[in-house]
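Colleague: First the structure, then my questions, so here it is.
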Amino acid sequence: MTNVPWLTAIVLFPVSAGLLIPLLPGRGNHIVRWYALGICLLDLILMTYVFGCYYNLSDLPVQLKEDYCWIEILDFHWRLGVDGLSIGLILLTGFVTTLATLAAWPVTRNPKLFYFLMLAMYSGQLGLFASQDILLFFVMWELELIPVYLLLSMWGGRRRLYAATKFILYTAGGSIFLLAGLLTASLWGSNAPVLDFEILSHKSYPLGLEILIYLGFLIAYAVKLPAFPLHTWLPDTHGEAHYSTCMLLAGILLKMGGYGFIRVNMELLPHAHTVFAPWLVALGAYQIVYAALVSFAQRNLKRRIAYSSVSHMGFVLVGAGSLSDLGLSGAMLQMISHGLIGASLFFLAGTSYDRTRTLMLREMGAWASQMPKMFAMFTTCAMASLALPGMSGFVSELMVFFGMVTSAAYSPYFRAIITLIEAVGIILTPIYLLSMVRQMFYGSRISSVSVFNNIDAGPREVFVLGSLLLPMIGIGIYPNFALPLWSAKTQAVASLVQPTSILYSQTLYNIQ
């Protein structure tokens, strides 16, 4: 036990240090980028030290609790804590943000504002994953949008304003449902708002009301995940954003939707979850195949990778809807795995653009001989994305696959149909990924497009990709590097929905 407010320090340190950026000397980006990288690295070291020394993997309850009254009249507390659902995502946030800051080295336009926004986004994401108060969760959910919008609208492609506006409209629209859901959940059956996650988890609601609350939360999280049909902001956003911003979007922001769905919908509203679970499984399976087909039709490199993200996040829906411990644990691992893989692919897409000034696949070709290191790294990351054995994606998708197959909540016919659809999606994944690699690095050279900067990957790029590949391979070879972080918690959450799920499987959803 410790009385030191470690989590408050971890959450507030990046944005607090970022406020000092305007005081840094010089107009160039040399000092500010080293300063921002140092802040991210120090925060990553701090969280690693704190979790290593003070977090006990075998303890199920929330640990490192902090509770400070913020707005007394609303009973609004600065309430932080860490458990199995959040610790892995907090570490992922620190790791990916540090590498994204290093990836943003070439940014030269208004670097002070750029790096401050990255640090502010960093604090917002850490605060969301560490929140143990549902109103604080909402505040962090909203505050994190501001730096994302500015990063999208000020640094990116020609249609960046359109993409940023579409992003903010989708997410703000989803936030309305999130706010309505949390107000209803916190005020129901009490004279004062109940905002503590731990207390809310013991509240009960009439089933009809619980379903309405669940639906409001589901819409908000489906936008961020993203889930079909609320996914259309993602390809536009990734297509226009700077690749360091894309690393943060794919690596962390999408995981906010999956985390909120498991933390709130499953843990606080288990009865409603059993009602929606079959539909979530069906939606996730459809999304895996649909996004894979649409990805194959994309001719823009970043849009193809964006749709691959939509496809891979479908496994999170299937795992959460499987109502099994194995499936839910696989969904958690899928979020970690995709955070690493998505960040690596968008980084490679951006560094390729820096050299060629094109993202159109039809204008690429025969780059393998010119950039052999880039070719090797791109191919390796594509293999990780298509769930090659020995990579983290293989383990996570296999866990979701078997979690659905072995789920006692559904009939054999329903499980067989979903498994078949998932298998089709798994087969489609190498088709669009390997064709992408072929168009970029094989074939004939397009005469109208040449490599402007005919320099292969440098030490900085090799370091960023190597750092992302190490945990992908490590988890793929030995999954217990990551699984113990959340295994006890996912078992507890799955146990909340399994008893009632058996009843529902025998009545409403027993498809014969």
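The backbone N, Cα and C atoms fix where each Cβ goes, glycine too.
Quantities reported herein were computed from a predicted structural model and do not represent experimental measurements.
Feature table excerpt (Swiss-Prot):
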type	residues	note
TRANSMEM	34-54	transmembrane segment
TRANSMEM	87-107	transmembrane segment
TRANSMEM	134-154	transmembrane segment
TRANSMEM	167-187	transmembrane segment
TRANSMEM	208-228	transmembrane segment
TRANSMEM	242-262	transmembrane segment
TRANSMEM	274-294	transmembrane segment
TRANSMEM	308-328	transmembrane segment
TRANSMEM	330-350	transmembrane segment
TRANSMEM	374-396	transmembrane segment
TRANSMEM	417-437	transmembrane segment
TRANSMEM	462-482	transmembrane segment
Colleague: Any contact between the transmembrane segment (308-328) and the transmembrane segment (417-437), i.e. 3 or more CB pairs below 8 Å with pairs at least 6 residues apart?
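Modeller: Answer yes, regions in contact.
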Colleague: Which residues of the same chain, at least 6 past either end of the transmembrane segment (274-294), have a Cβ under 8 Å from a Cβ in it?
Modeller: 207, 211, 214-215, 218, 227-228, 231, 265, 307-308, 310-323, 404, 409-410, 414, 418, 421-422, 424-426, 428-429, 431-432, 497, 500-501, 504, 508-509
Colleague: Name the range, of those listed as 34-54, 134-154, 208-228, 330-350, that has the largest tally of Cβ pairs under 8 Å with the transmembrane segment (462-482).
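Modeller: The listed stretch sharing the most Cβ pairs with the transmembrane segment (462-482) is 330-350.
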Colleague: Could you check whether the transmembrane segment (134-154) packs against the transmembrane segment (374-396) - three or more CB pairs closer than 8 Å, residues at least 6 apart in sequence?
Modeller: no
Colleague: Short question: which residues 6 or more past the ends of the transmembrane segment (34-54) have a Cβ under 8 Å from it?
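Modeller: Distant Cβ neighbours of the transmembrane segment (34-54) are 1-2, 6-7, 9-10, 13-14, 17-18, 21, 24, 63-64, 82, 87, 90-91, 94-95, 97-98, 101-102, 115, 118-119, 122.
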Colleague: How about long-range neighbours of the transmembrane segment (417-437): same chain, 6 or more residues beyond its ends, C-beta under 8 Å?
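Modeller: Those are 281-282, 285-286, 288-289, 292-293, 295-296, 301, 304, 308, 311, 314-315, 318, 361, 378-379, 382, 385-387, 397, 400-401, 404-405, 410, in sequence order.
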Colleague: Do any residues of this chain, six or more beyond the ends of the transmembrane segment (87-107), have a C-beta under 8 angstroms from a C-beta of it, and if so which?
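Modeller: Those are 10, 29, 33, 36-37, 40-41, 43-44, 47-48, 51, 55, 114-115, 118, 121-122, 125-126, 129-130, 155, 242-245, 247-248, 251-252, 255, 259, 332, 335-336, 339-340, 343, 347, 350, 354, 460, 463-464, 467-468, 471, 482, 485-486, in sequence order.
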